[in-house]
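TrEMBL annotations:
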- A:1-19: signal peptide (SIGNAL)
- A:41-163: domain 'Beta-hexosaminidase eukaryotic type N-terminal' (DOMAIN)
- A:Cys76-A:Cys122: disulfide bond (DISULFID)
- A:185-504: domain 'Glycoside hydrolase family 20 catalytic' (DOMAIN)
- A:Cys295-A:Cys346: disulfide bond (DISULFID)
- A:Glu341: active site, proton donor (ACT_SITE)
- A:Cys522-A:Cys539: disulfide bond (DISULFID)
Amino acid sequence: MIATLKFTTLLLAVVVCRATQDYGYKDVEEPTLGDSQYGSLWPLPQKVQMSTVAFKLSGVSFQIVDAKESSSGASCSLLQNAYRRYDEYIFPISRMQGQNKKKAFASVSELQVWITSADSECDNYPSVTSDESYELSVDSPVAVLKAPKVWGALRGLETFSQLVYEDEYGAKSINRTEIQDFPRFTHRGLLLDSSRHFLPIKVILANLEAMAWNKFNVFHWHIVDDPSFPYMSRTFPQLSQQGAYHPYTHVYTPSDVKMIIEFARLRGIRVVSEFDTPGHTQSWGKGQKDLLTPCYSGASPSGSFGPVNPILNTTYDFMAMFFKEVSTVFPDAYIHLGGDEVDFSCWKSNPDIQKFMAQQGFGTDYSKLESFYIQRLLDIVTTTNKGYMIWQEVIDNGVKLKADTLIHVWKGNQQQYQAEMARVTASGYQALLSTPWYLNRISYGQDWQAAYKADPQDFNGTDAQKKLVVGGEACLWGEYVDATNLTPRLWPRASAVGERLWSDKDVKDTNDAYSRLIQHRCRMVQRGIPAEPLFTGYCAHEYKGEVSTATLNQPTIISARGAVASSTLLSWRLWMSRMAPRL
Amino acid sequence: MIATLKFTTLLLAVVVCRATQDYGYKDVEEPTLGDSQYGSLWPLPQKVQMSTVAFKLSGVSFQIVDAKESSSGASCSLLQNAYRRYDEYIFPISRMQGQNKKKAFASVSELQVWITSADSECDNYPSVTSDESCECPGMMFVFLVGALSLETFSQLVYEDEYGAKSINRTEIQDFPRFTHRGLLLDSSRHFLPIKVILANLEAMAWNKFNVFHWHIVDDPSFPYMSRTFPQLSQQGAYHPYTHVYTPSDVKMIIEFARLRGIRVVSEFDTPGHTQSWGKGQKDLLTPCYSGASPSGSFGPVNPILNTTYDFMAMFFKEVSTVFPDAYIHLGGDEVDFSCWKSNPDIQKFMAQQGFGTDYSKLESFYIQRLLDIVTTTNKGYMIWQEVIDNGVKLKADTLIHVWKGNQQQYQAEMARVTASGYQALLSTPWYLNRISYGQDWQAAYKADPQDFNGTDAQKKLVVGGEACLWGEYVDATNLTPRLWPRASAVGERLWSDKDVKDTNDAYSRLIQHRCRMVQRGIPAEPLFTGYCAHEYKGV
């Protein structure tokens, strides 16, 4: 009975016309479009068996419930919130009222969620060791989702919702299915940069939502950098007062940060903050006197500033207090300390630094000074009991690190980053790959394919080395993105990274992926995220917009179609009502 | 008194940090950012004199009114609509109620709009000959001639450091460099909801574009709902009613555009790019053969059947009434001959006509008959460059749309087209669907449609250009931010004087202009690191 399933009608009807691509722009080959035997599943679970036997889901009676045997009950708000979310995804239109009628066909009336281990971790923060595995068994009349922890239940609920489709009469349907699933990598991250452009909270929340749909589990928040310092520190409020683009419209208050962390937690997503030093700190200097190195032009200060000043004790006093705060504000066990791209020219120009170099016997090797700084910073952060992530330059420059440090590889071409992954893991460090996933780099055409083909374990190394690869991160640096264009630029391109990091390493059939991804992107659009199209075609439910008609100052001719404006308002209210209660 | 003005506080406070661009991605050089002496004006008017004398605009009393001498009065709904629109742009927050208090400072209390010629053209459709010139003599009262210069007036308003709406004494005489300043959107590869089209028409008006080139149908889908042949969209659209433009949709778009001085030029591309037409119109397309029997697939429009021309006559008769503009774009690009070659009936016809094996002669044969049909509707036509490249005879007033090749090639083509006495329109450097990392607006900004070897007479045949956003990779989710402010670069090139080409000055104005678009509700994407005082409120 278990056999290959061919969805005849999918929840998200998608047609992609295979018209020849015009105008001579055939840079990347289009994958061949067929029907995937896996429907619209994304990322593909580790083990899937789908039958052709289909059941219906009744809008009147279907429910997601806690299994009787579950260690987690109605008091687990994380799961209750998730049930509500997925109920709305499965039944986006209001559900019918009324008596459940006698049925002439087999149906799934319940999805039972069964947390099997004694501690469900319902009230915990997700961590690098969180168990995200689950088993899903869809049958009539009951489907069962078994997971050791709530984190697996979250992943399984998403998978369940992806199995639901509409038959040709619009009835919600699901096929008999058995799934055993777990992530290939424990660290599946997305970096957003809120310094080069300030990202309104709404944008961050929307992208956390999309991350959950793609089974990402780490939001790497590159929160401050040279251009602006939007993090509002309780200990040093002048940092954002002086260093943000605007002292209150362009900052993240402590309660904003709290809200984002909680919103992420409810979706099984860790929030790892990055406070990058000693470079990339121009904005820090505006609110913190003497923190940065004064650059000299000849014998006198030029008025400009360089990296953090590593020779003053006040610097380390500041860092100790600052990172003490950060370690309490961000509950995650890791902090990303940056450490990339330190420009030595300012240090070189400064006579006090030169003297210090001589005293320390560093000669003219300024990477030794960098190491000196980083070493002291790591000592400080270690006292907060946090682990740390760091960009690859730190290890390239030979700084001594704790054995459990995560090295974040981001530089070079394919050959170079593979060599770096080999080097880092040969030294016994854990490694994280981002180089092929700098999604801010755009090009014309289907660039998701290149992201999809990259693999973090694809380098010359022993099995032991490969095991030190904890995953990767898609990065969307902020030079050219803000609230206007970030979300469509990111999705569904980041989805390609999501599957690479979750699914088995042999899941690499681009044609099969293309078919699933087209449907997955339409699903994201239907759920309210403006994920951009992969190619010519359409979704049954197109994006309803946020191109604000409120300002379109319609003349009477438009108000005759008042629906235009009011539907915008409606979708906005819907969105907020979906988001807000979960905070 | 008239002197260079340095805005100290701008309506749209913009700071762009000059941090070094990180991560080794320095593909295009960043322009140097300074303050432009022209504030946030975009596109730059032909002649601007700004003084440092600033006046205030009162939220209580300021009004846009018809000048007494104006030939256009309160019955001109086009202007009344525009007054309302610009009032809201200038005072986005609700205006104060109450008595106008005695003021201690000079203010501008009225903007008088004075239409000087006897016929204001208020109820007309804009046309290729529409006069878009204006003057803005600045005194205590401001007079505007050429109502679309309201946009310019709104761009002069800024906030002083206390948030008071201010405007400097200014004299502007303005007119467009080119008469055809177009934007092509493609609603076939992806269906574009009406809302998206309207939003982009709005943004076009802010950038003084005046032609919406609606590439409405193509191979992938046929969303135009024809009254005469409803089965075309019934069968050829992605969906027969959720993904079509009904006649009233089209009417609304045309009226919305008219109110903003924008022409709507529809394109119904034949004989190629017509796969979607074949679904609803039997025998319209050429059956392709594989060997001796039909393969089941279809090629371009079948040029050898009389029924084809009967259909086209009826179809274009409808189109010519639905779209009031004097021009129709007939396409004519990229005709693939392989299907024609495979078809024995076509081969026979070729022999009969003495075309030998030169299929471009067959293409010419089709186009020629199509042009004769369209001529009977009293419309002029635009056509992609292949038609002339293939030697089809055209009416003298045909607009040739140049889109192919690299810089050298398109410049040679512009020279060739105009040397043959045809009017030309450039799009090659403005295929904005082609994206790349970084500040690619600069390349668009630097291109110039008159930049080719030719006589003055040839240069005069250049009527303008069009930014094109083909639809393979854009739909409602990403179209608007991908288009703006990149299309703004094309807007200035086509409106402003040809010597306006200082990229640094443009960068300063464009950054402010994009923040203004964001504040007015259009998600125009950022040019680089920085911020707007009022960020985009959507997702």
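Backbone N, Cα and C atoms are what each Cβ position is placed from, and that goes for glycine too.
Remember, TrEMBL labels are computer predictions, not curated facts.
Annotated features, which come from TrEMBL, shown on the structure.
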{"residue": "A:Cys76", "record": "disulfide bond", "contacts (Cβ under 8 Å, 6+ apart)": "A:Asp66, A:Ser120, A:Cys122, A:Asp123, A:Val150"}
{"residue": "A:Cys295", "record": "disulfide bond", "contacts (Cβ under 8 Å, 6+ apart)": "A:Pro301, A:Ser302, A:Ser304, A:Phe305, A:Gly306, A:Ser345, A:Cys346, A:Ser349, A:Asn350"}
{"residue": "A:Glu341", "record": "active site, proton donor", "contacts (Cβ under 8 Å, 6+ apart)": "A:Gly279, A:His280, A:Glu393"}
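Helix, strand and coil residue tallies for the domain 'Beta-hexosaminidase eukaryotic type N-terminal' (A:41-163), in that order: 28 helix, 32 strand, 63 coil [DSSP]. In the three-state DSSP classification, A:Cys522 (disulfide bond) falls within a helix. DSSP assigns A:Cys539 (disulfide bond) to a strand segment in the three-state reduction. Taking 8 Å as the upper bound (exclusive) on CB-CB distance to chain B, the recorded positions A:Cys76, A:Cys122, A:Glu341 give A:Glu341 in sequence order. Here the Cβ of A:Cys522 (disulfide bond) has 27 other Cβ atoms within 10 Å, regardless of which shown protein chain they belong to.
Taken residue by residue with DSSP, A:Cys295 (disulfide bond) is part of a strand. Reduced to three states, the DSSP call for A:Cys346 (disulfide bond) is helix. A count of other CB atoms within 10 A of each Cβ picks out A:Cys539 as the most crowded of the disulfide-bonded residues A:Cys122, A:Cys346, A:Cys539.
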